[in-house]
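> Shown below is the structure under consideration.
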Number of protein chains: 2
Amino acid sequence: MLEAKLQEAGLLKKLLDAIKELVTDANFECNEEGINLQAMDNSHVALVSVLIQAAGFKRYRCDRPMPLGVNLGSLTKVLKCAKDDDICTLKAADEADLLNLVYEAKNSDRIAEYEMKLMDIDSDQLGIPETEYDARVTLPSNEFSRIVRDLSLLGESVRIEVSKEGVRFASEGEAANGSILLRQTEGSISGGKIVALSKDGDDDGEVKEEDDEEENEDDDEDEEGSKKKKKSKGKKEKKVKKEDGDEDEEMGDVDEDGEEEQDDESEDEEESNGKKRKKKASSSSKPAKKAKTSKSKKGDDDDDTSGVLIEMNQHVSLTFSLKYLVNFSKSGSLANKVQLMMSNDVPLLVAYEFDQGHIRYYLAPKIGDD
Amino acid sequence: MLEAKLQEAGLLKKLLDAIKELVTDANFECNEEGINLQAMDNSHVALVSVLIQAAGFKRYRCDRPMPLGVNLGSLTKVLKCAKDDDICTLKAADEADLLNLVYEAKNSDRIAEYEMKLMDIDSDQLGIPETEYDARVTLPSNEFSRIVRDLSLLGESVRIEVSKEGVRFASEGEAANGSILLRQTEGSISGGKIVALSKDGDDDGEVKEEDDEEENEDDDEDEEGSKKKKKSKGKKEKKVKKEDGDEDEEMGDVDEDGEEEQDDESEDEEESNGKKRKKKASSSSKPAKKAKTSKSKKGDDDDDTSGVLIEMNQHVSLTFSLKYLVNFSKSGSLANKVQLMMSNDVPLLVAYEFDQGHIRYYLAPKIGDD
DNA sequence: CTAAGGTGTT
DNA sequence: AACACCTTAG
């Protein structure tokens, strides 16, 4: 059976708000790791993947894996009956066709209980290849929302181009064309300089502008410690797939395969941080963990709420449907930042990472662009 | 002629907002006591009764009773032209077919004047039996709004059940079922204990904390009670009409329900004597003043803006159309609290009491419930 | 975080 | 009129 107690019903409400227009029905795959949802959008163009880790719950118990087939419209309705700060408990018996939701007002005598019918849904769990991307743009989620909303007024598509200049969002419409350029934020770790994405693995094929080889002291920045402040926080290294997303349990079975963990280091912790210091022989073997905690709070560059971080190994230029991006951007309420991960001719990954989970969208580029 | 000066146009605006979807046309019955409106909703299922006492006006003059037939849509439009804090004066000549509205900005030289056409409306003044209720639930009006709004997402009906446990609102729908339980607020006069309704009498709306009759009978609970309810109703003595609502301008009374007094003359008399005649039906004039001292803490219970107060003599369980309750709950902007008065198989009374008046709704239960 | 007000949209 | 969205004030 499942019993999952969420401190704030608001999280679930926001998640549902974010995806309910994209997907009508989906399986909530519950297992001891947490709750995962993965679904194609109704027109089979986009893919959404949601995870709430077990640790993200106030209490979590799931004896054995069970898929809960949920009509998201129904769940949205039921969740509308909860206040954001209600404590929300999800319960389901094994093989049950009902999901029980209990809302406890934080401070009152009010207890609301709902039971929602479940349904059988063919779970076409799609394995998502763990792609390595040529470019990653991290920007405030509200900035992203604004950009796609603005451009959607002009045209239907947006070309996203990452170059040394920065990241450009360009759209063409009948009435007008628009182009928005975001430069790397000055004062950031890289001092405004666009850095290379490091490969996740030991692959050094990418052009790293600088190397983590650096000693711990300045491993934070390219510039000579001009911005030391950052350093103190987490060890920032421009790398890879998901620095903020600690969870590397990529959706699908793919991650399960464990192929990904090419940990040069034997430490999972580190690897999960995406900070791979192959030669970190130096001092810290453990500090990585520390960084993790600190980052959960704030202070990590990636958590800088206002900055734009651009990492790239290669120029990318891709065109996407704005309609979907606008839809994705609804998740902005879940996280201050969003990451756009791109490689040419590969689906875009739009990732929002929050405390103990994430919501990620994949969208194939339009062809014939660029 | 009528001349009624309202300190705040906002009151009228809110009243109109509250009922305009329920009723399209209605007579504003003006007499020396104040302005009263009573109408069945368009589908003749619910009844709404609005009163603004003469004392509720900054100035009030009404030489003789006059009904003003108003199209509520028109009045709403005209009232939209007033700011909430405008001083609003209503004027009508005898036999006039025009209503004059003057808005004076509180602090400026602005004077706006509108005249609205009146219409003749057959006044089917329905007598409302002065029922004594088996249960009264007093709760914050926003809480009530929230509950009915939430449940209306799920189903069309709500079963309201008052028991020793508290008051439960339960609804069943296709997608989900919901149940909200409100317990008596701790720390209230009764310390969380659900008290019996006090009898009608000259009490000033106070609740008796300890009712001597509380322990002596069965009517508080038991399965038998439910079957005896009909019978008991006739003999029940612990009933309350309206503790807070002193105005007894009810049309008709249980005692005289055989006769509908629609006559202006007798009506006026009743209203003018309302306060005095209150005791006429109640044999016992048990003073409830005592209770007042015991409830020192939060002041008057009915003024406690956040608490839930439950008074009952007998378990009640009734089912109502949520659509109407949602409509009623719009009046929440007029008062912090709302009272639900119920007896089995009798129309629910939803009462909002504000400074010098009230808005009350009556809704017949659905049959075949419970 | 909630409530309220304003806007735009269907 | 209702809903969704955003901003603002408390």
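Cβ coordinates come from backbone N, Cα and C, glycine included.
The feature compositional bias 'Acidic residues' is assigned by TrEMBL to B:201-224, B:245-271. Marked as compositional bias 'Basic residues' by TrEMBL: B:227-239, B:275-296. Under the heading domain 'Proliferating cell nuclear antigen PCNA N-terminal', TrEMBL lists B:1-125. TrEMBL lists B:127-187, B:297-366 with the feature domain 'Proliferating cell nuclear antigen PCNA C-terminal'. What TrEMBL records for B:194-306 is region 'Disordered'.
Help me understand the surroundings of these features in the structure.
Across the domain 'Proliferating cell nuclear antigen PCNA C-terminal' (B:297-366), mean pLDDT in this model comes to 87.
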> What counts of helix, strand and coil residues does DSSP assign across the domain 'Proliferating cell nuclear antigen PCNA N-terminal' (B:1-125)?
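Summed by class, the stretch gives 23 helix, 57 strand, 45 coil.
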> May I have the DSSP-based helix, strand and coil counts for the residues of the domain 'Proliferating cell nuclear antigen PCNA C-terminal' (B:127-187)?
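The counts are 12 helix, 28 strand, 21 coil.
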> If you run through the domain 'Proliferating cell nuclear antigen PCNA C-terminal' (B:297-366) with DSSP, how many residues end up as helix, strand and coil?
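The breakdown for the domain 'Proliferating cell nuclear antigen PCNA C-terminal' (B:297-366) reads 16 helix, 30 strand, 24 coil.
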